[in-house]
Amino acid sequence: MDLHSCLNSYFLLLLLCLLNITTINSTKPLEQETVLFGGNFPAFYVIGDSLVDSGNNNHLTTMVKSNFPPYGSDFEGGKATGRFSNGKTIADYIAIYYGLPLVPAYLGLSQEEKNSISTGINYASAGCGILPQTGRQIGTCLSLSVQVDMFQETITNNLKKNFKKSELREHLAESLFMIAIGVNDYTFLFNETTDANEFANKLLHDYLLQIERLHKLGARKFFINNIKPLGCYPNVVAKTVPRGSCNDALNFAVSIFNTKLRKSLSRMTQKFIKTSFLYSDYYNYMLGLRGPSSNQVGSSLLNVTSPCCPNVYDGGQLTSCKPGSIACKAPDTHIFFDPFHPTQLANYMYAIACFHERSICHVILED
């Protein structure tokens, strides 16, 4: 067995111990928890950014792409698919958890394929955000509203051909809808002069409008992933003083949005009957990988500050993993594959934590 295989086996066993899977809360689950954590979903629809993009940006005129090595080195066949990792994304692991196939990218499907797929589609687009103007400087972008537009087209042009009206209503009501977007709004549009509260309110307004659109289209079960601690990611910590410390001001700004989002979802459970929200606290999960405080590296086994690609990352000068970039030999020793995105191992760790720790993923209840 080579070093890479040994590390894979070692870390998987280690993670099972660290996450203490056997200590799941044994109290009787709520009805919503039974549905969202153990539901038999017919389909999985994904809306978001590069965290969950499965290849839509391959088909866009944009500088943000990952359809080249060393991306995908640990994916099936070692192929770069357009996922921003060395392997699977968190959306992939969620699909696997629910017994569904990996969700294909909308723009990579032929019309015939769109007509035949009934287990879900991925509309996520790297570099894009909640606001329409986010990411325009890097090329064509599929904003949150555009992705919802595409889902509406899926209903009109494809799903209606496969389902009777009552069947389609049931299909949509029983399917799971994941939304994982918002970090690029902070990356491109937020700075030290921006009022964090006003900015969060602006994002939230547009975000909730799109949830309402999805609900009107028939969605009833949502998986809402909050925004990551951007201030602790390699592209940021490489430029902080002291180097490696988080930008706490940026994290605080993001946390304002996350808090508002969670409260708004709680109110929505009262507004929308028979609608459930599973809230994923991705922010605190990723922050927790660093250790007890945001400026303390919490693991001697995993590199939590530097990316695997590029392997040489000096002061933020190399800001992306590009064609020809040399990656580290063992991605499973890193939390981040590139300066902006987690490794497959980190995504796998998240999936375990999400479905076995209610502090990470939990059903939103009424206030």
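A Cβ is built for glycine as well, from the same backbone N, Cα and C atoms used for every other residue.
Secondary structure at Ser50 (active site, nucleophile), as computed by DSSP, is coil. The active site, nucleophile feature in Swiss-Prot is assigned to Ser50; the stated evidence is similarity to another entry.
The annotation active site is assigned in Swiss-Prot to Asp338 (among others) on the grounds of similarity to another entry. When secondary structure is read from DSSP and collapsed to three states, Asp338 (active site) falls in the strand class.
Here Swiss-Prot flags His341 (among others) as active site.
Look at Swiss-Prot and you will find Asn25 (among others) tagged as N-linked glycosylation site, backed by sequence analysis.
If you look up Swiss-Prot, you'll see Asn191 (among others) marked as N-linked glycosylation site, on the strength of sequence analysis. Reduced to three states, the DSSP call for Asn191 (N-linked glycosylation site) is coil. Take the CB of Asn191 (N-linked glycosylation site) and look out to 10 A: across all protein chains shown you find 10 other CB atoms.
The annotation N-linked glycosylation site is assigned in Swiss-Prot to Asn303 (among others) on the grounds of sequence analysis. Note: Asn303 (N-linked glycosylation site) has non-local neighbours Thr333, His334, Ile335, Phe336, i.e. same-chain residues 6+ apart with C-beta under 8 A of its own C-beta. Secondary structure from DSSP puts Asn303 (N-linked glycosylation site) in a beta strand.
For 1-26, the entry in Swiss-Prot reads signal peptide, with the evidence type sequence analysis.
Once Cβ contacts within 10 Å are tallied over all protein chains shown, the active-site residues Ser50, Asp338, His341 are led by Asp338.
Per Cα geometry, His341 is the residue among the recorded positions Asn191, Asp338, His341 nearest to Ser50 (active site, nucleophile). If you measure from the Cα atom of His341 (active site) to that of Asn191 (N-linked glycosylation site), you get 21 Å.
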